[in-house]
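Asker: Questions regarding the structure given below will be posed in turn.
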Amino acid sequence: ITFKPKQILKKHMDLIYVLWLFCVVAAWNWNVWLIPIRWAFPYQTSENLHLWLLMDYTCDLIYIADILVFQPRLQFVRGGDIVVSGTNEHINFCLLSFDLNFFHLKRFISYMAFFEFNDRMEAVMKKAYIYRVIRTSTYLLYSLHINACLFYWGSDYEGLGSTKWVYNGKGNAYIRCYYFAVKTLITIGGLPDPTTVFEICFQLINYFVGVFAFSIMIGQMRDVVGAATAGENYYRACMDSTVKYMNSYNIPGEVQNRIKTWYDYTWKSQGMLDEQELLMQLPAKMRLDMAVDVNYTIVSKVALFQGCDRQMVFDLLTRLKSVVYLPGDFVCKKGEIGREMYIIKQGEVQVVGGPDLQTVFVTIRSGSVFGEISLLAGGGGNRRTANVKAHGFANLFILDKKDLAEILVHYPESQKLLRKKANAVEQKSGDNKVFNVQHGSELSQLKASFGNRLIFQGKLLALYSL
């Protein structure tokens, strides 16, 4: 057996096959809806028989094409093995499928294509709950449709217009019978009382089925709407719990407003509060694939990790944590112990200084990295040399020093390379101290112009080389 999992995954989302399933389902729905009408109502006559037969033969041609062209090319899974076309097992499956799906019977048993179409539509739609609502509503309409056909058949059996309960033969037969079905199944009431034994039994069954079917439809609709709003309900519950906690401890109003703003922006920008909670449900390999697609382009540009083992960088991607900062929030402050590296996923941050921390020295934009030197510092970590705050709403990836240390245990060569870079940084820091003694006046001018080592480092090195 030849295994082609990538082709199967691609075919599962193949829009051409979904469009073909739509044609098969349309032909199946033609029979499912119209055969009861043709059986109960006198709509099929000798004058229009050729039109009915034309549609029937068209549907049969679609079924035959599905059996002979599409079904033999489908791949399926048996015992964990992927069975593809050309194998004996696949040929036996196709012969069995042909025997079961002979086109005269396909008018009734093509419901498998209907459910497959539903699954694939939900897979390709961004808001699948809309389709689920439409499908559940269609189930209700179809149950009313069948009841309307049965009511006309019962009226014809009793005799049209023979009693007040049966259809009297006036107006549009289908519309009037459908109106009766709506009032019966939804138990609206206001119907004439049945008089004969047949009418009483028919109406009793209608009421029982109506209550049972309608309750099922309401339950399904509740589940669909509940699933569609589950994420938002979780967000509201977290927000309410946090507000209750803040009120119980008399948290200042300004802090409460900032926390509420964080909840609101995080939910609107990400559609979730914690990405890690969602990703943890996936296998490790799939989490890595998603992390590579989303973050590898940014992390691969970090000079600190250039030259390191590629697999080590992949492991780093799964340790990145997404954090949202509000406008004015300080990402880090000067003098703090640095234990994290930051990658700007979205938004901007500013390096600020001055007496009131309102002087902006530089703006760092999306895709940039800062704080990576903190990962190389020994002991308890190095001191931050600048104040960095979010300019607007900023979404940052954070890599913790502890996570990096756990990963480097398995990559000794990359660990040696990073240690060399750490030594180079320390050597450069020592050279800057010597330069500070020899060129005090020039250094003071640079500090006055740029405010911190991160900003004037480039000019410092340029002056030192003169």
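Cβ atoms are placed via backbone N, Cα and C, with glycine included.
Owing to the predicted nature of the structure, the values given are computational and were not obtained by experimental measurement.
Per TrEMBL, the features are:
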TRANSMEM  12-30  transmembrane segment
TRANSMEM  129-153  transmembrane segment
TRANSMEM  204-221  transmembrane segment
DOMAIN    304-408  domain 'Cyclic nucleotide-binding'
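For each feature listed, report its degree of burial, its nearest neighbours and the pertinent distances within the displayed model.
Answerer: When Cβ-Cβ distances below 8 Å are used as the criterion, the transmembrane segment (12-30) is approached by residues 55, 58-59, 62-63, 66, 70, 106-107, 110-111, 113-114, 116-117, 120-121, 123-124 of the same chain, each at least six residues removed from its ends.
Remote same-chain residues near the transmembrane segment (129-153) are listed as 32-33, 36-37, 39-41, 118, 121-122, 167, 173-174, 177-178, 180-182, 184-185, 202, 206, 209-210, 213-214, 217, 220-221, 224-225, 227-228 (criterion: CB distance under 8 Å, separation of at least six residues from the stretch ends).
Tertiary proximity for the transmembrane segment (204-221) is limited to same-chain residues at least six positions away from its ends with a CB under 8 Å from its CB atoms, namely 133, 136-137, 139-140, 143, 147, 184-187.
Helix, strand and coil counts under DSSP for the domain 'Cyclic nucleotide-binding' (304-408) come to 22 helix, 43 strand, 40 coil.
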